[in-house]
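Straight from TrEMBL, the features:
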ACT_SITE  GLU79  active site, proton donor
ACT_SITE  ASP226  active site
ACT_SITE  GLU320  active site, proton donor
ACT_SITE  GLU338  active site
BINDING   THR424  Ca(2+) binding site
DOMAIN    621-708  domain 'PA'
REGION    755-851  region 'Disordered'
COMPBIAS  782-794  compositional bias 'Acidic residues'
COMPBIAS  799-815  compositional bias 'Polar residues'
Amino acid sequence: QEHAYPADELMPLTCRGRVRGQEPSRGDVDDALGKFSLTLIDTLDTLVVLNKTKEFEEAVKKVIKDVNLDNDIVVSVFETNIRVLGGLLGGHSVAIMLKEKGEYMQWYNGELLHMAKELGYKLLPAFNTTSGLPYPRVNLKFGVRHPEARTGTETDTCTACAGTLILEFAALSRFTGTSIFEEYARKALDFIWEKRQRSSNLVGVTINIHTGDWVRKDSGVGAGIDSYYEYLLKAYVLLGDDSFLERFNTHYDAIMRYISQPPLLLDVHIHKPMLNARTWMDSLLAFFPGLQVLKGDIRPAIETHEMLYQVIKKHNFLPEAFTTDFRVHWAQHPLRPEFAESTYFLYKATGDPYYLEVGKTLIENLNKYARVPCGFAAMKDVRTGSHEDRMDSFFLAEMFKYLYLLFADKEDMIFDIEDYIFTTEAHLLPLWLSTTNQTISKKNTTTEYTELDDSNFDWTCPNTQILFPNDPMFAQSIREPLKNVVDKSCPRGISRAEETLGSGPKPPLRARDFMASNPEHLEILKKMGVSLIHLKDGRVQLVQHAVQAASSLDAEDGLRFMQEMIELSSQQQKEQQLPPRAVQIVSHPFFGRVVLTAGPAQFGMDLSKHKAGTRGFVATIKPYNGCSEITNPEAVKEKIALMQRGQCMFAEKARNIQKAGAIGGIVIDDNEGSSSDTAPLFQMAGDGKNTDDITIPMLFLFNKEGNIILDAIREYEAVEVLLSDKAKDRATIFKGKTIPNYIIDSNLEMENMDQKLSENDSHKQNSEEGTSASQDAGAVSEEPEEGESSDVTDPDSLSPANADSDSVSISNQDSYVPGIDEASAPEPACTQGDHQPQEQKTETESNSKVNWDNKVQPMESILADWNEDIEAFEMMEKDEL
């Protein structure tokens, strides 16, 4: 309210509101913003959970008075439904509860419900398709097909986008007595169910809204599908319709049969479910253990949750994606709540105080690494600790709610949380809706349902007070074998198909052994349908056509070979790249809380070898471009020099400031509006000469990040920064110095949690091993994990569902590997701690510019971002081997 109202979101680094159209576009992420005070609406019922009833009453009045839902703006149907419609309904649910109690909200007359109904009608035009699946976007004012709508041309949507509507739409129908909303949501769910792959009972990630054809045929429980499964089970709980439970059980049987590889959950192909579709997992699957608790399948929930916790202890946060050997794949962390959600449900199910320790670790890490003066900032890179100027509404709507409920006792709550079900955005819908305004007949619309032999189904929707023994040893015995699963992990050498076959046949040729000059290897490639093209620069390009393989088994061998070659090629591309660095503002009032992602230099001090980094006050040089002798050396001496990019080589700038006595340098991009949020990181190259004479560290900041420092100088004059390989713990920064009260105060709430943990331990009859099972998250590890990072634009769709394969000149029927050296590719080493940086650009010419249009990224950039998703599986999708 202080910094951002009435904007949709808070920008916690620049302390202002994010208003769509006034900030650089972030692509699909911005589709959640509709100029309707998103964070305020999304947080309404959180205020009541936190017992902030007065603040809730004031917030509801603000929403009624100020929020306009008739804006000429294109928004995501999915995000608007779960955040805004769900927020209004959750607010209405707790408002009528408070009114009934007689102390608060006595004036309330259903105003939030009226707004929810208005919004519901604005979303209905999106359902104007032959299939009943909604368009992914809608214009709040003009709908979909209106000439001024600027949307309605899309053909695809994600499964979760179309299948995560039933709770909010049915609740709206039950609250208002208007059946059309529930009817539309049910029709969309019915269509997805009918289009499932019948042999595997799995669904794909994206589907054509007009034809019902699967566009992306990989299947998992993470991004793009996650909440579809969640809403099938919860729709049964809220609405009491057995068909939803039958569908969920059918899907769950398939998930546990094909996707679950304890403790991992790996995507597979819907037509070939024994073949893994990728070698990494995304962070959104962290919700699944919580759903398994609701389903009653506790053992795999404990296993997967423990694996995720080990990843968090290694990186402080859960990376957006990580590989099967637990290296960072995508390094961002936008403060997602899914792991906290599962932690809460596991504690409710087991009563094990271990999960209170897990929650304490989450809160400590948020305060230590994400808290900034104006809020909590998303992590740009979990390896460096750098921040992004972003605080999504779901952080307050979900993370605060689940963490509070984890530690709250019944007497801390002003209502019984067990009377409500959580939506996927953690909004509260009352269970009594199941018997109210049943405008839809509860007939079983599930077709071809086969009764499954699974005793677990008897326990669906359990009463956790009687199902699970209140014995911490129960969960601990399951966790114990996984305690070191991350640290001891090494890259897996065999695929899921090979595991199934035991010691069965392996691919006749491994990518690491391939030599383009070996005639025998070329013959094997031909048999697998892989052709080799010699490029003019001496490299070779590999393309696979499944139809040209000698048999379907040979085609599968070729597919595995291409997967391996893509991974090795990506590794080769990154060998010469340096990891991102961090610029941490340590002076008042930042005190190390603001960390900016910085590009490294190929010359000067190697910050990875100087762990303490370089710390000093910043000073702007004259001339600002640093391309000639510095004219204000007295201002620069023993300082970190700020300069503008352009007009000469980076090495020349470094030599000039070093001569003037600077202890380091920061080059700020001169391209107005550039940001690490939207552009790939790049490293500063030398000038082609020997640069051993440059001994000071040099880092590069994009324009937006650089302006944060320049704005701080204008406001506070003396600004001190730390240049390092990764953000430092504030206790380390202020070692031997007086820690400001601002930092001390931010940690006071931890004392209350410690007291809660102590009280809990005194009331639990648990063994010494059970109470000591928790492990401290500790400080950031000294060596970042090997992995790769990519800019993600959609908060609930991590995979590039709409990636255009034509942009990298790849046929839909081909598997493709970029050009590689004719020499054999090196075998990846099984190591811990090697840097794998974000995709970077290297500037070698003076005054060169970066093209910020993501649509024209170079081929290397696209392949580095999405090499797991390129056509390797589209070939199989077309041919259905």
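For all residues, glycine too, the Cβ spot is worked out from N, Cα and C.
Because the structure is a prediction, the values reported are computed rather than measured.
Annotated features, which come from TrEMBL, shown on the structure.
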{"residue": "GLU79", "record": "active site, proton donor", "Cβ within 10 Å": "25"}
{"residue": "ASP226", "record": "active site", "Cβ within 10 Å": "27"}
{"residue": "GLU320", "record": "active site, proton donor", "Cβ within 10 Å": "26"}
{"residue": "GLU338", "record": "active site", "Cβ within 10 Å": "24"}
{"residue": "THR424", "record": "Ca(2+) binding site", "Cβ within 10 Å": "26"}
**Study point:** Cα-to-Cα gap, GLU320 (active site, proton donor) vs GLU79 (active site, proton donor), nearest whole Å
**Key:** 19
Practice item. Round to a whole number and give the Cα-to-Cα distance in Å for the pair the residue listed as 'Ca(2+) binding site' and ASP226 (active site). Key: 10
Practice item. Could you break down the residues of the domain 'PA' (621-708) into DSSP helix, strand and coil, giving a count for each? Key: 20 helix, 16 strand, 52 coil
**Study point:** Cα distance (Å, whole number) from GLU79 (active site, proton donor) to ASP226 (active site)
**Key:** 14
Point to revise | Cα distance (Å, whole number) from GLU338 (active site) to GLU79 (active site, proton donor) | key: 16
